[in-house]
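A short worksheet on the structure shown next.
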Amino acid sequence: MPLGQRAGDKSESRYCGVEVLDFPAGEELPAVLSHSLSSSFDFLLAPLVDPDYRPTPGSVLPVAASDLVLGPAQWSSHIVGKINEWIDLDAEDEQLRLDSEITLKQEIAWASHLSLQACVLPPPKRSSCANYARVVNHILQGLTNLQLWLRIPLEKSEPMDEDHDGAKDNSDMSDTVDSWEWWNSFRLLCEHSSQLCVALDVLSTLPSMNSLGRWFGEPVRAAILQTNAFLTNARGYPCLSKRHQKLLTGFFNHSVQVIISGRSNHNVSQGGVLSGDENHTEDTAVRHALSPYLDYIAYIYQRMDPLPEQERFEINYRDFLQSPLQPLMDNLEAQTYETFEKDTVKYTQYQRAIAKALVDRVSDDDVSTTKTVLMVVGAGRGPLVRASLQAAEETGRKLKVYAVEKNPNAVITLHSLIKLEGWESLVTIISSDMRCWEAPEKADILVSELLGSFGDNELSPECLDGAQRFLKPDGISIPSSYTSFIEPITASKLHNDIKAHKDIAHFETAYVVKLHRIARLAPTQSVFTFDHPNPSPNASNQRYTKLKFEIPQETGSCLVHGFAGYFDAVLYKDVHLGIEPNTATPNMFSWFPIFFPLRKPIYVPSKTPIEVHFWRCCGATKVWYEWAVTAPSPSPIHNSNGRSYWVGL
């Protein structure tokens, strides 16, 4: 039974499982499953094979249960396989190593036969796990629907001794082992397989928040919450520390399922449940020993705020790679216009900026005698025309509007709007590319919405430089400036989605994407800034910058899959618009961030800065970006000469 109802959330994190610690021999598995389901758990993490089994010639695999004891849907929906923990593919003992390989392959084959969705692999037993990864990589190449979840403890622990005999090399005594490093080594050896995921063991102590944050960019499918991580409240019930609660909420928001594991450490009477937990009130006679822990997890889930309306609208776009618009080369479709026009926040900001500009342009004494000439370049279907006229009405200023639009289909709608609203005497429609049109008079105010996710990536500088000839020497441009920003991120899902194309071109393309399963590794830094009117209209719009990002020391090492890009625009004076995380305009959805991927992810050791170079290049027919990392290790220069991705003029 799901943990509860949270408006807008349909993710897998609503389901909670329980780990079966003892091998369910014979026909016990159906009873164990039935008991768990009746106690409101949704699935089992269960061993598939007797832990005492060692392969011998001619022996039959001692499985937990015949495939007939559960129906196909039960196996698929309610069982996650647990691979035997004695398996050690990097052991010095050759027989143990060979037995481990045979058994692992047999267990995975049995799980595939049962049509399980996932199996949990035991954690690496030492930091060097190359043979373990090699065997798993072989297995992954033969899988289709089965995912393998590598179990990793969520901790920074003392270094493991290679021989497990308690003796430690003195040279390593001062170091700590970051379990993220085990995962990173393993997934690199397995070539970033999209079917290799993580199951995190959540213990009683947690690393720093920055260190934890790395995992939100990784393919974490389950958080295995140990019962010894729970505290006891005043009523004797299990509860979690504030830090554990925050982590759990983060998991829920990232579609991570919780699995409760361990023995019950709380002697709670079977009669009561936590207040507000109406979904978990089954007959106490059959309740599971770990039900009090489930009740608490459900309580945490149910008290989360509903997903905001904007998040619900955007949920299907999460981590979905889209090509940026080419507004100069292509004419937008009606559906695209409609989506943008629903963003009332954006047009409210434009109206505020235009109103301030009108008041500055025309004093109260000149209101009755002065008419302001305003040009909307790239008028689309008219939302900026409407915002301009509303600003004029609000401020009591007279306005003459030129609406310039190159898309003949949008011009048809624009004519209908002007006629419907009775604006024929106020608005002149120009069906032309702004770069070709010769204006009959100069404008006091030039208004445009040519901004892309990276500010200048939809060629606003080129368009406005061409339209600047319409503007009076003391005229006002809205926007007056815009700046792009980037930050390094971990984004395993985006990397794997791009890798699936199996070519370089897709790794040299910038994508618009609603970022979700990512880890932000360092604060954003500014990249390029453009001002309008351009004080040097004949100057090139080419740009180059070099940035150095310092990752907080407590984060530890990390893997950079690329750079997230944003913009912030000054519309006029103190009215701004943007998506840069620190200053983002609330409740605006016209722009998702842009993502610049790296062909090969860059490993960044702890305390090591990242140095990145960005170029904005201009040619006769196109504009493109190039980017490269030079520290801590050099990457190729991506998209050299615009060979893979460009914006056409």
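Positions of Cβ are set from backbone N, Cα and C atoms, glycine also.
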Per Swiss-Prot, member of PHE340, PHE549, PHE563 binding protein alongside GLU449, GLU458
PHE340
Check each of the ranges 321-337, 406-422, 491-507 against Swiss-Prot and return the one annotated as region 'Dimerization'.
491-507
How big is the S-adenosyl-L-methionine site in terms of the longest C-alpha to C-alpha distance among TYR337, LYS346, TYR347, GLU405, ASP433, MET434, in angstrom?
24
Can you tell me which parts of the same chain pack against the region 'Dimerization' (491-507), counting only residues 6+ beyond its ends and a CB-CB cutoff under 8 A?
187, 192, 194, 217-219, 319, 321, 513, 515, 517-519, 561-562, 595, 597-599, 601, 638, 643-645
How many Å lie between the Cα of TYR337 (S-adenosyl-L-methionine binding site) and the Cα of GLU449 (protein binding site)?
12
Measuring Cα to Cα, how many angstrom lie between GLU405 (S-adenosyl-L-methionine binding site) and GLU449 (protein binding site)?
12
Enter the number of other CB atoms within 10 angstroms of the CB of LYS346 (S-adenosyl-L-methionine binding site).
24
Among the binding-site residues GLU405, ASP433, GLU449, GLU458, which residue has its Cβ surrounded by the fewest other Cβ atoms within 10 Å?
ASP433
Surrounding the recorded protein site, with Cβ no more than 8 Å from the Cβ centroid of PHE340, GLU449, GLU458 and those residues left out, we find LEU325, PRO327, GLY378, GLY380, LEU450, LEU451, GLY452, SER590
Let's see if you can do this one: DSSP helix, strand and coil counts over the region 'Dimerization' (491-507), in that order.
11 helix, 0 strand, 6 coil
